[in-house]
């Protein structure tokens, strides 16, 4: 039954895409996030559905879409350079060529689609449709996880989202980061959406989805999620008139929520204070130190999966309290082939300093450009442009939350964030075109008046 549902749903999207080719783009975004083929026992597993829709999206654009308004931005050029550099490190510098090729198989698709996507985002409706598809697709996983968490399920490495999988958005730390990242977009859609015009039902669903997003870090017990929630809280204070009241209420709500949280969750969050008291945290710090030493000899990086070559000596500190007596035990152990657990060190170790600089330019450029857009349109009050500044702010806040979360999880090539970057580029180029059109019209009108004969 599940196979039939997903096959029928994708079949409908593809069928409507024959009439509206942009739907192929949205369908690929859905497949890239949800990966319905993982939930299929036979039908979708037997065909390369992702590749088919990927090709349809490109063909639909090149054959049927209007390309007069398409523009290639500086950040698209930077993503192209990053793609070429990743190809170079994969096939020329990789310490582990076979493993690097496996990661390259999905990274190149994420980058190519992100480079292509802004070309299709020519209208406000398309920008909103993509934002809606991203929110609802991620929301499919979040609602499932939120319900299980509220029902008492969950745990570190235990919470299952639709399928028993621990890769991509189905991994606990990654979905915790992404769940908080989409909250600004959810709020924007609930206020400025036109596909589903804001009413009490839309707002009720939006607030319920936000609540589920906040439950995900509890259900996964991922420390990354707690850090992202803190980043979101700080960002929401930025334009809040009553920020001190809001901050006080947020702190009070957090304190009142502590007794309701599972003991396993509070114990795990307590390890943030001292990384040596937790094996996972102490190991990732050791990996970061190893990466810094590694790039001294390999400044161009070691290709994808270069972390497999690490060998670490790690200290774990355990504090035991017996009455008034406190004893501290220090245990040393050796570990190897441990992942980076940080996007910054992932880029540094795998793509070296050139890759890290390109990646920071792509991500940092988005934050800067969205701030410029927000400031420009926050001062204007033109009819029909009320949505622009809040949308730029939502995209900016989402990216900042992602950048904070990526300090502690390796998601440098996560396709979701590149779709967010593509939306930023699409918004920027769309607004630039609108400004040029508005500046051109008065000149055209003036020339027509001069051409009219005097009465």
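A Cβ is built for glycine as well, from the same backbone N, Cα and C atoms used for every other residue.
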Which stretch, out of 106-123, 268-285, is listed as transmembrane segment by TrEMBL?
-> 106-123
Report, as numbers and ranges, which residues of the same chain sit near the transmembrane segment (106-123): CB under 8 Å and 6 or more residues beyond its ends.
-> 22, 25, 28, 32, 50, 54, 57-58, 61, 65-67, 69-73, 76, 79-80, 82-83, 86-87, 130, 304, 413-415, 418-419, 421-423, 425-427, 429-430
Please indicate, using numbers and ranges, the residues of the same chain that are 6 or more beyond the transmembrane segment (129-147) and have a C-beta under 8 Å from a C-beta there.
-> 22, 25-26, 29-30, 33-34, 117, 121, 154, 159, 161-162, 169-170, 175, 178-179, 182, 185-186, 188-189, 193, 195-196, 209, 211-213, 215-216, 219-220, 416, 419-420, 422-423, 426
For the transmembrane segment (168-189), sequence-distant contacts whose Cβ falls under 8 Å of one of its Cβ atoms, 6 or more beyond its ends = 33, 35, 38, 128, 131-132, 134-135, 138-139, 141-142, 145, 156-157, 159, 161-162, 196, 202, 206, 209-210, 212-214, 216-217, 220-225, 228-229, 231-232, 235, 387, 390-391, 393-395, 397-399, 401-402, 405-406, 408-409, 411, 414, 416-417, 420
